Amino acid sequence: MNNLTLSLRRERRLLVLLALVCLALLAGALYLQYVKNEDPCPLCIIQRYFFVLIAVFAFIGAGMASGAGVAVTEALIVLSAAAGVGTAARHLYVQLNPGFSCGFDALQPVVDSLPPARWLPGVFKVAGLCETVYPPIFGILLPGWALIAFVLIAVPVAVSLLRHRGRLR
């Protein structure tokens with residue numbers, strides 16, 4: 001086996017691991033929703049969508065036969081994670097500055113009208129407000145944990161993509 005084959009095999013294994021981590025994060029969110037009764041807000045649901053996208057792209061990338069296909073899916077993962085960073089940062093800002101609450105979240109009808117909210121309402125249906133602050137986990141609010149997760153996904157995948165850009169063709 002040459003170095004390119006070994007590198008591609010390692011990338012695929014890491015993509016499967018990344019997808020499983022994203023699914024575990026979604027399972028954790030569902031645990032908080034159904035066991036701890038922490039209703040998801042529109043920004044929570046949008047973050048769930050980004051974790052699902054990352055998992056889907058990672059599984060697709062793991063099944064790619066070519067380095068170029070892996071690189072494309074890794075680029076999509078980085079874009080999804082970057083969008084997740086923005087969403088989680090906004091959510092954290094809203095929770096840390098709740099002064100402008102009106103009791104209605106304008107994003108709710110938009111998020112609830114997306115097809116997955118009809119297909120899997122228990123996972124993707126809005127039930128809470130973005131400014132509702134639930135107890136922190138190890139001193140960090142839930143949007144803070146999502147922000148950390150998205151950064152920990154985006155940075156290594158982007159570095160891997162840049163490092164292997166010539167070898168994964």
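A Cβ is built for glycine as well, from the same backbone N, Cα and C atoms used for every other residue.
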Membrane-side pairing of T5 with S113, Swiss-Prot annotation:
no
Quick one: average pLDDT across the topological domain 'Periplasmic' (90-144), no decimals.
85
